[in-house]
Amino acid sequence: MLQNERCQVLASLTRLTGDLGLAEDAVQDASISALQTWPRTGIPPNPRAWLIVTARHRAIDVLRREGSRFAKEREAALMQLHEAPDDFSVGVLRDDQLRLIFTCCHPALAAEAQVALSLRVLCGLSVAEVARALLVPEATMAKRLTRARQKIAAAGIRYRVPDDVDLPDRMRVVATTVFLLFTEGYASRSAGAHERRSLAEEAVRLGRLLVQLLPGEAVLEGLLATMLLQHSRRDARFDSAGDIVLLADQDRARWDLALATEGVELAASAIRRSRNAPERFAVVAAISACHAIARTAEDTDWNAIVSWYDVLARLDPSPVVLLNRAAALAECGQVLEALAAVDALHGLDDYFWLHATRAELLRRLGRGTDAAVAAALARRLTDSPAQQRLLEHRHPGL
């Protein structure tokens, strides 16, 4: 329960104090107090309100103790804490959560700082848990989080929901950050990386929260749809030995049908909402939905997927998007055209999947020697045992 309430309580305290660090400390103290008090007195009728009030009192105590050193800086916050009404209405709490989300995902922060801060603040992970999840030493992560908080203060980043003019672009930044978080977990390098996989689940939770807080937004529906559709395949992506199972070879009976169905419905909604001005995440969701609705790999409508990639390439002509389009083109039987498209790409020389894809295309064309060279290069570019075994399976004798 405390974990579920933490984000909302922290959001309210950050609004009241205007200081994310102070709010985090106060909420932590309130959580400890709840663990000590509730077993004796019982859970209060409104646990969230209890935590907010208790955390507010803790923040007031801190401000009073530091008053002589930070009088001018803390006077306004102290007054706000004293005078703020106990308003726990749905509208106020909703706006508090949105303010916190947009603050953690502010474009003034580096992408890695946005992801780390989102895990720490929005998901409630400890510094040690964030460090383990992102494969960074704990001391390094602590410094990264401190710098992010300092950046928020020094840059004067306002704790608010963007206005109507800025909201669409800011929603895209938030969506990108949440998807980066999802990718950190979804793209974990082994089937047993449970802690990494939990990141994907946290990202899905944040995606659901965003759709709930800002309903009817194509970019957010597309984000959630994409994550649900990809996450629905989580149990089929690796075999019992931890080896990668490619999409065409996956046992679709192991896909999560409920997640896939929800994802397809959200993808359709996102596409309808952005019909006149396509949103990137809506298009990505449409591509994932094409896979989800195919009963077998052979039933996949690859021509539709290529068409969606054409739309996506107009929105985001990045080398990775063009590489994925080339792979889809090959599935339509246009292997030579796909290889030409791959060979025309720039900026992916050190990207494992470029060379792995090129090796597969060459193999299909019967150019075994060239395929082996490309596969060997791909193998040198990864330290993932699962990716290395995938290459060895596709290219025996590597």
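Here the Cβ of each residue, glycine as well, is placed from N, Cα and C on the backbone.
Bear in mind that TrEMBL entries carry predicted annotations, made automatically and left uncurated.
The annotation domain 'RNA polymerase sigma-70 region 2' is assigned in TrEMBL to 8-67. Sequence annotations record features per position, and here TrEMBL assigns domain 'RNA polymerase sigma factor 70 region 4 type 2' to 101-152. If you look up TrEMBL, you'll see 170-270 marked as domain 'DUF6596'.
When the domain 'DUF6596' (170-270) is classified with DSSP, helix, strand and coil residues number 74 helix, 2 strand, 25 coil. Summarising model confidence by region, the domain 'RNA polymerase sigma-70 region 2' (8-67) averages a pLDDT of 87. Residue counts of the domain 'RNA polymerase sigma-70 region 2' (8-67) by helix, strand and coil are 51 helix, 0 strand, 9 coil (DSSP-based). Secondary structure of the domain 'RNA polymerase sigma factor 70 region 4 type 2' (101-152), assigned with DSSP and counted as helix (H, G, I), strand (E, B) and coil, comes to 38 helix, 0 strand, 14 coil.
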